[in-house]
Amino acid sequence: MADRTAPRCQLRLEWVYGYRGHQCRNNLYYTAGKEVVYFVAGVGVVYNTREHSQKFFLGHNDDIISLALHPDKTLIATGQVGKEPYICIWNSYNVHTVSILKDVHTHGVACLAFDSDGQHLASVGLDAKNTVCIWDWRKGKLLASATGHSDRIFDISWDPYQPNRMVSCGVKHIKFWTLCGNALTAKRGIFGKTGDLQTILCLACAKEDITYSGALNGDIYVWKGLTLVRTIQGAHSAGIFSLYACEEGFATGGRDGCIRLWDTDFKPITKIDLRETEQGYKGLSIRSVCWKADRLLAGTQDSEIFEVIVRERDKPMLILQGHCEGELWALALHPKKPLAVTGSDDRSVRLWSLADHALIARCNMEEAVRSVSFSPDGSQLALGMKDGSFIVLRVRDMTEVVHIKDRKEVIHEMKFSPDGSYLAVGSNDGPVDVYAVAQRYKKIGECNKSLSFITHIDWSLDSKYLQTNDGAGERLFYKMPSGKPLTSKEEIKGIPWASWTCVRGPEVSGIWPKYTEVIDINSVDANYNSSVLVSGDDFGLVKLFKFPCLKKGAKFRKYVGHSAHVTNVRWSHDFQWVLSTGGADHSVFQWRFIPEAVSNGVLETTPQEGGADSYSEESDSDFSDVPELDSDIEQETQINYDRQVYKEDLPQLKQQSKEKNHAVPFLKREKAPEDSLKLQFIHGYRGYDCRNNLFYTQAGEVVYHIAAVAVVYNRQQHAQRLYLGHDDDILSLTIHPVKDYVATGQVGRDAAVHVWDTQTLKCLSLLKGHHQRGVCALDFSADGKCLVSVGLDDFHSVVFWDWKKGEKIATTRGHKDKIFVVKCNPQHADKLVTVGIKHIKFWQQAGGGFTSKRGSFGSAGKLETMMCVSYGRMEDLVFSGAATGDIFIWKDVLLLKTVKAHDGPVFAMYALDKGFVTGGKDGIVELWDDMFERCLKTYAIKRTALSTSSKGLLLEDNPSIRAITLGHGHILVGTKNGEILEIDKSGPMTLLVQGHMEGEVWGLAAHPLLPICATVSDDKTLRIWELSSQHRMLAVRKLKKGGRCCAFSPDGKALAVGLNDGSFLVVNADTVEDMLSFHHRKEMISDIKFSKDTGKYLAVASHDNFVDIYNVLTSKRVGICKGASSYITHIDWDSRGKLLQVNSGAKEQLFFEAPRGRKHTIRPSEAEKIEWDTWTCVLGPTCEGIWPAHSDVTDVNAANLTKDGSLLATGDDFGFVKLFSYPVKGQHARFKKYVGHSAHVTNVRWLHNDSVLLTVGGADTALMIWTREFVGTQESKLVDSEESDTDAEEDGGYDSDVAREKAIDYTTKIYAVSIREMEGTKPHQQLKEVSMEERPPVSRAAPQPEKLQKNNITKKKKLVEELALDHVFGYRGFDCRNNLHYLNDGADIIFHTAAAGIVQNLSTGSQSFYLEHTDDILCLTVNQHPKYRNVVATSQIGTTPSIHIWDAMTKHTLSMLRCFHTKGVNYINFSATGKLLVSVGVDPEHTITVWRWQEGTKVASRGGHLERIFVVEFRPDSDTQFVSVGVKHMKFWTLAGSALLYKKGVIGSMEAAKMQTMLSVAFGANNLTFTGAINGDVYVWKEHFLIRLVAKAHTGPVFTMYTTLRDGLIVTGGKERPTKEGGAVKLWDQEMKRCRAFQLETGQLVECVRSVCRGKGKILVGTKDGEIIEVGEKSAASNILIDGHMEGEIWGLATHPSKDMFISASNDGTARIWDLADKKLLNKVNLGHAARCAAYSPDGEMVAIGMKNGEFVILLVNTLKVWGKKRDRKSAIQDIRISPDNRFLAVGSSEQTVDFYDLTQGTSLNRIGYCKDIPSFVIQMDFSADSKYIQVSTGAYKRQVHEVPLGKQVTEAMVVEKITWASWTSVLGDEVIGIWPRNADKADVNCACVTHAGLNIVTGDDFGLLKLFDFPCTEKFAKHKRYFGHSAHVTNIRFSSDDKYVVSTGGDDCSVFVWRCL
């Protein structure tokens, strides 16, 4: 058989010719070592100009396109393109990878930048969103990411003087970014009038917020802050591509070929025009500049690098040049000298010196060059062109000899014949033309058999033959020079070839993988001397093969560097070098060849990673010298760990079936049983596909795993403690080096690893999110801080975790085949080794990734499948055990030697202090010294060695050993057969536990009299187990076939076993020897049962659809039951032994009579009365309820009823064991369910006395023993069973407030939608009518009257410059809770309303504000830890809401957390240490998230509940425990690493208690939790069990609770009618046993408290109605601090004409008068209906209020008594006005009318006129100063003027122009056209008001903005200032009488804002 191994020689990259100047910029720098760093293709190059040497970084796998230099000038970051691109940070000294950043960007990484201290790296992606990311690059951790821009970003730069500030620029934009927490927020640069909006190409930041940027037009734009302040015009005459900042100043380079230097203030120093220099040329374009001291670097578009010394700037040196843009295909080497020539689509031919690494000549052609060839004497050079012509040049002076064009298509291949007389030219037309050199290249022959383009040609040594390859994959031969085809095989065989560059033919068939496309290898070249072949392919690889290379799929060595296609490879004339060309990367690589003799079989590992790569994984064919896989290993690799359905699919399946069957009326479901189960003991150990999964704890207990359970086994007591946290098969287990912690990994779609404590069995951390299918190997690092895991995905990913935090540190792809073991290096925490199928790799962590080296075997051994590995005591020594039985000894990555240890694979190895212990398939344990030089002792595992204290029997001698460990003077061994043995060092062995081997277990039978059971499995064994405290296997027998069922006879002496081949046998139950056997059926026997009493009959059911009945005494078949339409699943006898009940796979329930087997049809009602001997069936009305809602997917495999008929146990395909109360009638009965089995529970049986349940688990091979806990014994210890889900019927009642809050939908609010239903064209889109006479500029006419009456003429006209928020009246209580707190020991309070966080000083009443939120704040919490005093967190509504953490005193934002709680965050809370924050969203899943807020990192997140969660709070003494309550929701959470685990509250059997809607939480000592319920009870929990009720703590829902940290007292607040005894606020003792009630004295019928907080002797209370009240604990006196409007939009607003007062009128049915100076409520009146508008009379004595129901009221201001009222309309009054002369009242309504009333006629209020012809509802009205006219704005965006009081419309523009208005509140009209914004299509400007001075107008809109404009405001989109604070809609706005204040009202935020005018 031909040799398929890789060659022993190697290549090493020596030089790269080229620099990537196209489509990149800023990619050329000086390092600290004065070397030049740049990139080309996929290689980072460090070029030392002094020594003319290069170093290479080869860590990328595709084109590098971006590069950044770390501030230390040594570290380099490079980014690449690709589907999953990554960033490498590497050291320019030793070109080692320091960190890898991956898994975030797609498409490519376009820009990179380090910040000034080098800690953070910013990167920009090439994806559609141009994502910007910030990395903590050393950790490989993403800190923040954000959408960059809609178009390309070209450059990014950090501000060196301000941390966390960054600038990016690109197509038509520049953005200024700030990083806060995990939020990256951008503000766009404002170009203004200073410069044109245009594309910015490069940036540099300077001090004092100055940013310099280079623009596409050649200008430098200078920015201060966000604003463009000046431009330096014509800095370059075309686009500026590069801008470099350094100590000396700035350097710029542009498309005009100039470099300009500027000083630190950007004053010009000098200019260097490279086009004008010696090497310059027209069109030279600079892409990158770098300035260091006296030197400059410039990189050009055409791949040159210039170095300029500043003193001699007219003499730039060209230090590097390569081919320009255009594909590079042509390559030829000089036949006699170390020269190479290349030709490219850039139309140049270049001659390179291989010895000097330099370009010696360049010749430009007219056409693209695609092939070149030297004549044999080296004097002539032929070039094949893209246009089908070829040119021959004289090499000496590069002059043309001939130019011939015979073809149209490109010439891709040409070669001179070895004797120099002919030139063969192959074109894409198909033929090869032959030309005679001596006859001036006359064409003398043509080879034309090819049907496709010619790819390769080779001449024979004697120049008589030619072979060709073409695009169709054909290989043809021709006689030369005629071109006659040659077909004789014999003749062809003997031809010696002068060169071999063809990719087809027997000699090179090994270069092709076994199954492949034909075209992906572009070029090969053979080195006959060393018998090696080099190839270049489409994947950027250069490979070395042996030559000839005959068998497909040969091994090779591969070399990376080229990014995409390697277009050509050639040997130099003396075989010293290989040259390769890259198509797209236009680079030429020069590789030094290291022959075998030099490398002498040992691969030197070059410093470059990714270099010297032996035995590539690409082609793992079983080649000559690798033995075939051992059968055990092969079997293991075939196991499939995928599941049809995973446990996490259950909720969805349930949901789907609910939706399908929603028509079914909801009947009362059966109650769950009272009794429960406890898992006591498991027989089994998973050895058949796992290893190293057996350990001693320090306490001497044994840990291992079986099914989904991890077992802690006590040897002394022969008892087990079980960790039940997993929900599927555990596949791997490892123990912590220091503590008794264990990590276990399981099967799963998103496979989890649990780290748990063996003492407490509590989960410490749960690691998820990075493995698919399963976790097959685990290991802790030596210090125990890290954990490494290997997954079962296709790449066998390796993940390195910080397990305590639950964060992944790094990941990488492991190997394409299974990895068996991973081990951490004991000395170096960042090094690992993995072994697996034909695999050993040594890994080094680098940031978020790993770099790896394969084990290098050299001549000491061959590549083997490795089964185990250990580090030695000495540094760098590694020992691995192979499938051959050898131990391989490694130093670093080199194999030193091998030692024969076992026959067959070495499956297990364990390192000791002074040696090793190994175990193999041969069943022998061997003790070795520390270098595997001597075997000190061997132990063979044999039956004879078993001690008497063994708990079972060995199935066979020398079982295969899968796990081994030492400790406590013993060797612990786990076998493939499922046995765990303990070997004493002196020799005796004790069997501790055992179970079935690989194969499904279905057969299970309990002995009728004794605590014994039998099991039978597909592993072809029958086993008998003792179930008393001994728990051991009594007997075992091997069977010829596997079995699926067994049964004891009624006296227990005989045991019947049904086998899978259709036979069955009856054995003696004691000796397990045959009594009789039959083989009557072909398909498997599925059930077997003896009839009752004497056991006269035996019924045998099979998959042949029959049940056979045998007479036991006569041993004859007496009857056959026919009639089932499918296979039989279960059978049961009745108690008389006459009737058989049968279940079939078609869900039939049938009855047959013994002995003949006659079929009976029995009505269900009758069947229920029959007494059955056993019940194992799953069908029929009495067990209808055991089928789950989604049972079309899952099946119930088994059921069994207790003897007393009360309890039915079932086992199903989800691994659940369930208990039901029998009979189980009606659908979907409730149950208790238990986990432990992994996927399927195949059988369940009660022991003869019903005290124990036995279950077997199918493929998990486990036999589990559960004890039944009766109701009586349960009270003492509550048991967790996963209860079935609770239902709606159980909620604790209904409350209107809770119902409202449940139904609140925040999404409608997020989007700014118009609050009024307007129609028509917006004002700024209407066409303007030109007024009749546009007045001439100078006119004799009288001056135009003022637009607006000036009220305060006496004062100087005052322009309002700014607004500042001064006070807010409002508190959001209606849908929030616990959002009101004391600060500074009760001196201040903090709360929120609208989008403002408010701090109010109680002594002065003054307020300060936090206004960074963009929409309604929904929650607020204060950090209680003294270290974080006054730290507040708030969050809001929004599609991607942010949580802001800020300092309450300075209002400085400390951190911002961008959340993915879509819709909004409705509760937040700090942990005990103040470092963590938990948030819960109003998204559909109600996600709960835990944050480390200072770092801005998300720790963990998980869906909380399907309905609203109201509160989530940390325990006051914990950072890991918290509680959430909500709609029928009560969960106790633990933060385990980065996972959230919860336990539901267990209510148990407490009488009055129901799981109901919970609204609030408080905490007590000793793990007590109090929760307030909707019905007014408080539930008291200990851990997660309910222990008592505080009945009716309040009469209504308990909305809020507060735990005082200093004394533990608890305050509750609820909804309650004030009575003598009760109150809505109560103060309780620590146990909530005694309380004191407080009245709030608000005068309301029902007080509803939403927030309480306790300070020093005071209780702070917030109510649903927006009041904030302080209650004295001693005096019980209450003091109202804030009395805002209640829920409802506020539309009515009017300011007093002369005093600092205003009135607001709201939909809450009240009107309130406020004092502007003292900021307090003066008076309020209840109107009984929603109010919509208000107006003062000009004398300020009366106020008119319009109502939503069409009524209006006039009140006297002083007393708020009604003066008069009237209702002439039935729909809302929108605006109301009293005329300046106090005569008329105008009332505008939704009925498109304005009514006029005469006030002088007294309180009768008769209507004296009205306006009709109004096109839509009225919005605003203004009277003229003389009370003769009124202007009306309408919902159709039309403004009309009417006469008063007749209502006639005024249409003459002339008249309208001359009116002076008393006030202006209209948003319509030419005077205010400028207030309408561009983006108003969905939202409107709602209100406006002009100052009394007439110089400003302020507006409020649907975006929640206040805007201040100049008045009049006649230009569209006028300039303005904007103010935030309101949330969505500003409904009304007014200036106070003296223009000192602006008052604005909010729609949804029910708040009144007062702004000071500055």
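Note that the numbers count up from 1, one per residue, in the order the chain is shown.
In case you wondered, yes, glycine gets a Cβ from its N, Cα and C as well.
Quick caveat, the model's predicted, so the values are computed rather than measured.
Lifted from Swiss-Prot, the feature list:
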- 148-187: repeat 'WD 3' (REPEAT)
- 364-403: repeat 'WD 8' (REPEAT)
- 615-627: compositional bias 'Acidic residues' (COMPBIAS)
- 1322-1337: compositional bias 'Basic and acidic residues' (COMPBIAS)
- 1593-1638: repeat 'WD 25' (REPEAT)
- 1685-1724: repeat 'WD 26' (REPEAT)
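When Cβ-Cβ distances below 8 Å are used as the criterion, the repeat 'WD 26' (1685-1724) is approached by residues 1315, 1366-1367, 1369-1370, 1374, 1405-1407, 1664-1666, 1730-1740, 1743, 1745-1746, 1748, 1755, 1757, 1760, 1929, 1931-1938, 1940-1941, 1943-1948, 1950-1952, 1954 of the same chain, each at least six residues removed from its ends. Here the repeat 'WD 8' (364-403) has Cβ contacts under 8 Å with residues 326, 329-337, 341-349, 409-420, 423, 425, 427, 429, 437, 440-441 of the same chain, all six or more residues outside its ends. Listed by sequence, the residues of this chain that lie at least six past the ends of the repeat 'WD 3' (148-187) yet keep a Cβ under 8 A from its Cβ atoms are 25-26, 110-117, 120, 122, 124-125, 129-132, 134, 197-205, 207-209, 211, 213, 221, 223, 225-226, 243, 1442, 1445, 1453-1458, 1493, 1495-1498. Secondary structure of the repeat 'WD 25' (1593-1638) per DSSP (helix as H, G, I; strand as E, B; remaining residues coil): 0 helix, 21 strand, 25 coil. When pLDDT is averaged over the repeat 'WD 26' (1685-1724), the result is 90. Note: the repeat 'WD 8' (364-403) comprises 0 helix, 24 strand, 16 coil (DSSP; helix = H, G, I, strand = E, B). Remark: secondary structure over the repeat 'WD 3' (148-187) totals 0 helix, 25 strand, 15 coil, with classes taken from DSSP.
In the repeat 'WD 26' (1685-1724), helix, strand and coil residues by DSSP number 0 helix, 23 strand, 17 coil.
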